[in-house]
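Residues or ranges marked as substrate binding site in Swiss-Prot: His148, Thr149, Lys309, Asn318, Arg327. Residues or ranges marked as divalent metal cation binding site in Swiss-Prot: His177, His216, His301.
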Amino acid sequence: MKKLAISIGDINGIGLEILVRSHEELSKICTPFYFIHENLLNKASKLLNLKLFNAKIVAFKDDKDYEFNFIKKENSLEIYSFCLPLGFKVDENFEIKAGEIDAKSGLYGFLSFKAASYFVYEKHAHALLTLPIHKKAWEDAGLKYKGHTDALRDFFKKNAIMMLGCKELFVGLFSEHIPLAKVSKKITFKNLSIFLKDFYKETHFKKIGLLGFNPHAGDYGVIGGEEEKIMEKAIAFVNAFLHSKKDEKFFKKALKDENLQKELLLNFKGKGVYLPYPLVADTAFTKAGLKNCNRLVAMYHDLALAPLKALYFDKSINVSLNLPIIRVSVDHGTAFDKAYKNAKINTKSYFEAAKFAINLSLKT
């Protein structure tokens, strides 16, 4: 079976409960490695009145060298150690504060995630599944990242792309956790062309639509529309480039050379992967809109996530594209209001994420 490295997220949230409750079923489809120290797992188990049986847990430690070892088997748990350069000393002796924002749990969740990421990168597992973190807890811990995807960009020096959804609807995010006021400035021909090229090469979707940035996609310039003009130009260029089968070197050169862009467009005939004009976002998510195109790109976070979660919240997942590792996540937060209360918790997104990761790993 495929091996999944699973980071625990913020231990003050619902992640640990999802992990423990789902372990038996998850183990039927993969071999999970949970990145948590035994004493913290015991504390959480006591609070939840739940036990984790027949599982593999990985204690991670800051060290200059990478080293993975089996330590012992105890109380039906297989305990491993994974040493790597984390940049922080690991503190696993703090108290769990159910439902609270806490710097210690924030830092621990980050280190669990970083260790699990490199565990996959070092080929000890086939994919990474991350449980939800709290961005404020990361900030309070002194971390500079706005979330998992932002950190992965830094770890692997790649332009990671966030995609969310399910088989009925997937949406790629051109921008993620930045203020709305900054999105327009980010929409440039170069930035968008690179994104569209990478998004297609990672997904190979047959038809992709871009959601307009302005109301009614600019309405022919009546409501703004400058961003839509840039989008149309980038769409035409990327469609022509993908059709041409030319290489990355040519792409980089053509980004700066309008004559090469014109040459590509003159030689391009027929339909492209991307629909030629931005879609009006307020109708793109209707039944008719999704029947026409259910693989979309949004210029900003909430333009995609508000309708996606209204339609498919329980089964949507988060996928990081354009990385040297496979990374998936649940598409929900820490749910501090439900943590350690034996509340009803839906685990569908967790299982969908695991299945998606397994299927992706079978293709690589």
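Keep in mind that glycine also has a Cβ here, set from the backbone N, Cα and C atoms.
All features noted in Swiss-Prot, drawn onto the structure.
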residue	record	Cβ contacts under 8 Å, 6 or more apart
His148	substrate binding site	Phe113, Thr130, Ile133, Ser320, Arg327, Ser329
Thr149	substrate binding site	Ala160, Ile161, Met162, Glu176, Ser320
His177	divalent metal cation binding site	Lys135, Lys146, Gly147, Asp150, His301
Lys309	substrate binding site	Ser316, Asp331
Asn318	substrate binding site	Met162, Met163, Leu164, Val328, Ser329, Val330, Asp331, Ala353
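Look at His148 (substrate binding site): DSSP puts it in a helix.
Every protein chain shown contributes to the tally, and the Cβ of His301 (divalent metal cation binding site) ends up with 18 other Cβ atoms within 10 Å.
In this record, substrate is bound by His148, Thr149, Lys309, Asn318, Arg327; the longest C-alpha to C-alpha distance in that set is 20 Å. A simple way to gauge crowding: the CB of Arg327 (substrate binding site) has 26 other CB atoms within 10 angstroms, across all the protein chains here.
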